[in-house]
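Shown next, in structure tokens, is the structure this report addresses.
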Amino acid sequence: GVVFVVDAADIERFPEAKEVLADTLGSAYLSNKPILILANKQDIPTAASASDVASALGLSALRNNRYTILPCSARAPEGSPPDRRVREGMNWLTNAVGSVYRELEPRVRADAAVEAEREREEKAARKERVAAARAAREREREAEAAGESGEAESSPLVNSNGGGGGGAHSAANSPNSEMELTENRNQINAGQPGSPLALPAALALPGTGGLLDPTSPSAIPGGVRSDSPSQNRVKLEPLSAEVAT
């Protein structure tokens, strides 16, 4: 059955209540089922009577004649007992449902099965939407990862050893290259044989009449050979020294 409560003190909203009642009773699930209408808030002096509410709702035009309307005050004043008319209305509804139970019971079961199937379909559709959204997000992440990987592969590599095409130019300006140049420069100043520009084992110097051993004490002008490589330096004029072959 159906219980429909109307604020009898709010006359301006009677048209809205009429529209809501018509929409409610238009449901196939409520067709020919008992309806209890309560004209509430009768404790307010300006409240409309039950007959006025019935007229405003257009109850006489209802195809369903299984209805009744009762005035009541659902909220009794403090210290007062509950309105007995509410209990009377619920008793009427219970008896009305009982009188047509054999007729309504198969409908109720069928309606319940239809509603359960509808909920199952909605749940399955919602699950599919969630799965599709999750798959779309996964594809987006894969596409982003593939794009980042492609950018990394297409970027030029810097060759720290100075070999290969444009890598040589990058290597020349790298910190490793500066360290190598500094190391070579120190090796030259120290006279270490491992330096690319290290002094040869013997030099032919003009005016010496022979080969000059850079490591001999006599090769160091005005001094004695030292064990410190940094002090065993031979000053050569840029174009006056010839390497002996």
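One is the number of the first residue shown, and numbering goes on along the chain from there.
Backbone N, Cα and C atoms are what each Cβ position is placed from, and that goes for glycine too.
Record features (TrEMBL):
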type: BINDING; residues: ASN40, LYS41, GLN42, ASP43; note: GTP binding site
type: REGION; residues: 131-245; note: region 'Disordered'
type: COMPBIAS; residues: 131-144; note: compositional bias 'Basic and acidic residues'
type: COMPBIAS; residues: 175-189; note: compositional bias 'Polar residues'
type: COMPBIAS; residues: 190-217; note: compositional bias 'Low complexity'
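Counting only same-chain residues six or more apart in sequence, the Cβ atoms lying under 8 angstroms from the Cβ of ASP43 (GTP binding site) belong to SER73, ARG75, ALA76, PRO77. Most other Cβ atoms within 10 A: among the binding-site residues ASN40, GLN42, that distinction falls to ASN40.
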